[in-house]
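Structure first, commentary second.
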Amino acid sequence: MEGQQKRQWGVTSAISETPPTEKELKSNDKLVEALKAKNNFESPEGTENRVTLLRHLQKVVEEFIRRAGKAKGLPASTVDSAGGKIYTFGSFALGVFNPGSDIDTLIVAPKHIYMDDFFEHFPPTFKEMSEASEITEFVPVPDAHVPIIKLEFRGVSIDLLFVSLPTMSQIPSDLELTERSCLRGLDDAGMRSINGARTVRELLDCIPQHKPFRVALRAVKLWSKGRGIYGNMYGYPGGIAWAIMVARICQLYPFACGATLLVKFFNLMGKWAWPRPVMLKSIEPGSLNLRVWNPAIYPQDRSHLMPIITPAFPSMCSTHTITHSTKDTLLKEFKRAEELLASIQNGKLAWADLFSPHTFFTEDHKYYLSVIAASRTKEARDVFSGLVSSKVRLLVKGIDDGVPGIDFARPFPAEFDRVHHCDNEDQVERVTQGVLDFVVKPEDTKASADETTDGESAKTPAHTIYTTTFYIGLTLPEGDRKPSLDISFPVSEFKRYITDATMYDENLMSVVVVHTRNHDLPADLFKGGETRPVKPAKKEKKEKKKASSKSVKRPFAETGLDASEQSAKRRHSEKAPNGLPTATPA
């Protein structure tokens, strides 16, 4: 209506309110086609499976809360009226899920059900009420920064968080988490758990159009995962941080289509004046004795390198895990994407080129750290891998903060599981130090199954070792003279974080960090069509040595970074000068 004040989306006015042109709409259609070609949309059948699964989970939650109440000897009236409710957040709640997406879920319970009750009573209740064949994974991680149960059910991965509301004796089915009364009395762990579900609802209220937002966000998530820069646990933006960034672009271009939002996203985020925060609304002042993100008061908040602030009260930084190395990686990827988009817009490239995979293992680094978490049982591995993955970024930060001679330590945001069959303890020891001589290959597993089917029992190994390996790419300074490297302190601190955890069992678990050259990386890291780095020929090495005779080459003992000819002659238990073992070529 004329004279009516126009709504301002966000903390500043829009940059442009121009509607999309015909050319931009056609570009948007091509972007959607490219996303569909990447299987980025869930099928109707898959969506129905998720909805049915969540209905089942709601029933399990209500039953678990009843059982926990009975175990405490509470009156029947309290037990029967307790209620309990699940809330989704993340990609499912935002409407950008695909066939491989997990479902982030929060369980909200009344005040008499505690976190300990969740980990004690929920697992048996869920398993009793579900078909065992439909549960392919179930891993409680009570020691995580945000306590969680990770499970896979009916082909869908689910991350289960829990919160008990201290002021509510029952949880009604129509409870809205955006109400501030839900926060009263929560501790820090409870706040971290509940904030995701509250943030999604606030975020969707902060943007003018949901459809173009979802198209742009789908593209950004696909791009960031493909480029190896997705995952809060590893020091990159997680799902909610990427969503907030895209939502901010939506506020600045409220009528733009998804393709235009994507172009503006890379242009603005690459040039953003970090550490200026990305915010969707003004930060609400603190109340209820809850801490609100405020760099003017809290030194820890001032240390955040790329702050992206959640819109729900109390505002938090969703990117507090970003390190100097991961920030540098992100800025380089923003610039690369912006250059690709310029070629896509002028017709030289197609949208599919934006989603080309990373080159982390094939080109980006000469040296790597392999973080190897070894377990003697599959059940131990399921628990231990989660613990180690939550601490990898602390190793990266330790190298960033205190190791001269390394420009960047870039973690790869994924883990690699392997199974090893060993005949004796000596072989077990070698596996725990990074040797891959005894790894079970997929074709070996199939052959073993075929032998059993044919009536011939396969040989049972004396020991089966389960390893999960994480990789960190190292970038050293350019130039002839480089300093010696010693990362023993950040490594020892990293291992201490792990061995001090209550879930750590030295009889079943171990963790080591070993140096790995690019040409020694295991073959299973490379996909079809990728070129695996090869060891330089000796002739080439001699020619390079002559060409750079004036340079001062660091001896192996100074660097601590393994030369493959050294590692091939040395047992894995032998230590390099920096206190780290080195990996044998695979």
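Heads up, the Cβ atoms here are built off N, Cα and C, so glycines get one too.
For the region 'Disordered' (1-27), the residues of the chain that approach it from at least six positions outside its boundaries are 206-208, 248, 250-257, 259-260, 279-282, 345, judged by C-beta separation under 8 angstroms. Summarising the annotation, TrEMBL assigns region 'Disordered' to 1-27 (among others).
Residues annotated as compositional bias 'Polar residues' in TrEMBL: 1-19.
Taken from TrEMBL, the feature ATP binding site covers F89, G90, S91, D102, I103, D104, D159, K221, Y230. Contacts of D159 (ATP binding site) defined by a Cβ separation under 8 A and a same-chain sequence distance of 6+ are given as G90, D102, I103, D104, T105, I148, I149, K150, in order along the sequence.
Under the heading Mg(2+) 2 binding site, TrEMBL lists D102, D104, D159. Using a 10 Å radius centred on the Cβ of D102 (Mg(2+) 2 binding site) and all shown protein chains, the other Cβ atoms total 17.
Within 10 Å of the C-beta of D104 (Mg(2+) 2 binding site) there are 24 other C-beta atoms, taking all protein chains into account. According to TrEMBL, the feature Mg(2+) 1 binding site maps to D102, D104.
Sequence annotations record features per position, and here TrEMBL assigns domain 'Poly(A) polymerase central' to 213-356. The helix, strand and coil residue counts that DSSP assigns across the domain 'Poly(A) polymerase central' (213-356) are 76 helix, 4 strand, 64 coil.
Per TrEMBL, region 'Disordered' is recorded for 522-586 (among others).
The compositional bias 'Basic and acidic residues' annotation in TrEMBL covers 522-533.
The least crowded of the binding-site residues F89, Y230, judged by other CB atoms within 10 A of its own CB, is Y230. Applying DSSP to the compositional bias 'Basic and acidic residues' (522-533) sorts its residues as follows: 3 helix, 0 strand, 9 coil.
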